[in-house]
Ligand SMILES: *Cc1c(COP(=O)(O)O)cnc(C)c1O
């Protein structure tokens, strides 16, 4: 008998990838972003399901994520975009993983690794169009292009793409969106002026994929929406959340009015009630900042967490209801509260809720797995 589990519906992943593909023009490919253990959903099962549903690219932040995909026989194109100096890039090149370069130094390191691997590296040149995170600045862009063109002529790399990332695509109408689109067009013009015509251009994350068709270019990089969550409330009603979080009530007891609940007694019982002890806490990814605010469904009713979230457990106010030990509690998913409810309760975003819930000691169970 299980105590707590994170359930991942792979049919939902497949449904979401197919739904997202339906938004794209025929020539535009879809990359499912599976960084951070597939946003807490599990790297390999999600990657497999996404590919089954037609994702022809997978996006990984780290080399390790990308190499794990290859080691398990995933053959679609993979882009890995975040490496500190000194990482074993030649392993990625040997494994046929595309790499991103944001600076001439990074490009030099990729070229050296390619010579070591005896195989050209497929490189995506990243321009910073206004997020100030990765990517070359406008000032450094021509030098990066020149270095890339030379490395390509030397046979060390193949320029696979020019790409960038939005800062505020989840706020439709935000003035930075148009500025970034114009900066991307400008970066492509500068590239063309230097003789660089990348086979692929990509810019859109989930929010842009859902709201800005003109940003789709040749490839979209969808993370959150692959998992059935919306970057903008109401933007994608056809998606199905893939993760649900379940636990079995460990203890129920009557607690009289006036008692304090959990550490610090930040919550006081106002009238006699039954408290259910649910065996999931912040070590499992339940945000402590949702103390006395998170919602949990037990016995078909949505109830509130009372008192501080502990490391391993939370207390849920069940009033006069007949809740029993062993009853199933649903933190989110499957008709209970949503990851968005927990994000609101914890003052964060749905991304963080699922990424944390899925990266801990709670066993993950897959449903909808194809034989
Ligand atoms: C995480 C990430 C994405 C996916 O973003 P979503 O909002 O989850 O769709 C795309 N591109 C880059 C560079 C990222 O880091």
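Backbone N, Cα and C atoms are what each Cβ position is placed from, and that goes for glycine too.
According to TrEMBL, the feature active site, proton acceptor maps to 35, 263. As annotated by TrEMBL, substrate binding site applies to 133, 311. Under the heading domain 'Alanine racemase C-terminal', TrEMBL lists 242-367. According to TrEMBL, the feature N6-(pyridoxal phosphate)lysine maps to 35.
Known features from TrEMBL, placed on the structure.
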{"residue": "35", "record": "active site, proton acceptor", "CB count, 10 Å": "19"}
{"residue": "133", "record": "substrate binding site", "CB count, 10 Å": "11"}
{"residue": "263", "record": "active site, proton acceptor", "CB count, 10 Å": "13"}
{"residue": "311", "record": "substrate binding site", "CB count, 10 Å": "11"}
Alpha-carbon distance [residue 133 (substrate binding site); residue 263 (active site, proton acceptor)] in Å: 39
Residue 35 (active site, proton acceptor) and residue 133 (substrate binding site), Cα-Cα, nearest whole angstrom: 17
Alpha-carbon spacing, residue 35 (active site, proton acceptor) to residue 311 (substrate binding site), which is rounded to whole Å: 26
Predicted model, mean pLDDT over the domain 'Alanine racemase C-terminal' (242-367): 97
